[in-house]
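Residues annotated as transmembrane segment in TrEMBL: 42-62, 74-97, 117-138, 159-179, 185-206, 237-261, 273-297. What TrEMBL lists as domain 'G-protein coupled receptors family 1 profile' is 53-295.
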Amino acid sequence: MSTLAPLRLLREPSNASEGNQSNATVGAGGGWCQGVDIPNELFLALGLLSLVENLLVVAAILKNRNLHSPTYYFICCLAVSDMLVSISNLAEMLFMLLLEHGVLVMRPSIVRHMDSVIDMLICSSVVSSLSFLGVIAVDRYITIFYALRYHSIMTLQRAVVTMASVWLASTVSSTVLITYYHSNTILLCLISFFLFMLVLMLVLYIHMFALARHHLHSISSQQTPPAAHRGGSLKGAVTLTILLGVFFICWGPFFFNLILIVTCPTNPFCTCFFSYFNLFLILIICNSVIDPLIYAFRSQELRRTLREVVTCSW
């Protein structure tokens with residue numbers, strides 16, 4: 001078994017029998033319906049890389065008092081969410097390897113209980129990651145369009161309440177998801193949540209992108225446009241494009257898989273798409289690797305603190 005425990009529960013529709021899936025796969029087109037064989041080593045390598053990256057982000061933010069602000073607290077929470085994905089992935093892989101090689105012998109009931117715990121942990125991290133991506137988008141929007149009122153709008157108390165609410169909602173929703181994962185209603189709620197986050201980020205980032213473009217146009221219309229301002233506007237526009245692109249590429253296939261589970265569980269072409277589930281999980285783990293690069297490491301202050309953390313210059 002080479003998938004993450006959690007999302008393995010959502011890999012195939014519960015109302016499609018094994019025989020129907022096998023026949024559909026053969027009828028839909030042979031070779032390309034066989035899916036992609038993802039080695040456990042790749043899951044482990046990406047999990048370790050993500051764990052190290054996000055651990056450095058958390059350590060740097062905790063170390064540097066200049067980074068103790070709502071914006072960086074949200075980035076820290078995103079890093080913790082991504083760390084949970086990595087830790088759960090590594091724990092599950094180690095757990096499966098020990099069972100397969102007979103090193104660890106446990107009763108089936110205990111194995112199922114352990115599997116449910118890992119399921120809840122990763123589902124919680126998935127929901128919290130999506131939530132904090134949306135929170136960061138809102139925070140950046142307020143920073144740009146309400147710069148003079150930012151500190152009165154996004155107070156430390158409101159940031160703490162926001163973070164606590166996200167973690168609580170993620171824990172409750174993951175428990176419900178694992179308990180009723182065979183229900184299409186639960187899947188529809190998860191899909192709706194993803195679509196809401198996608199639309200939210202799309203609207204906010206397009207508005208910010210439009211502002212950057214307008215700013216760039218205003219500067220270009222001057223007789224001697226400052227190169228630094230022009231470069232900054234372009235950099236901001238490119239960053240927003242990258243954020244949306246990475247979000248859609250990494251999360252889109254998995255949630256499209258859930259949509260197909262609800263809408264066409266026995267269709268041959270949908271069954272072919274299900275066979276690539278491991279690849280969709282790899283994309284989610286890759287998102288945990290990429291997040292620090294686009295949300296955290298772009299900060300000069302954070303990069304300086306990271307160098308101090310790595311070199312133990314405390």
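The backbone N, Cα and C atoms fix where each Cβ goes, and this holds for glycine too.
As a quick check, the transmembrane segment (159-179) and the transmembrane segment (74-97) clear the bar of 3 or more Cβ pairs under 8 A, pairs 6 or more apart, so the two touch. In terms of C-beta pairs under 8 Å, the stretch of 74-97, 185-206, 237-261, 273-297 lying closest in packing to the transmembrane segment (117-138) is 74-97.
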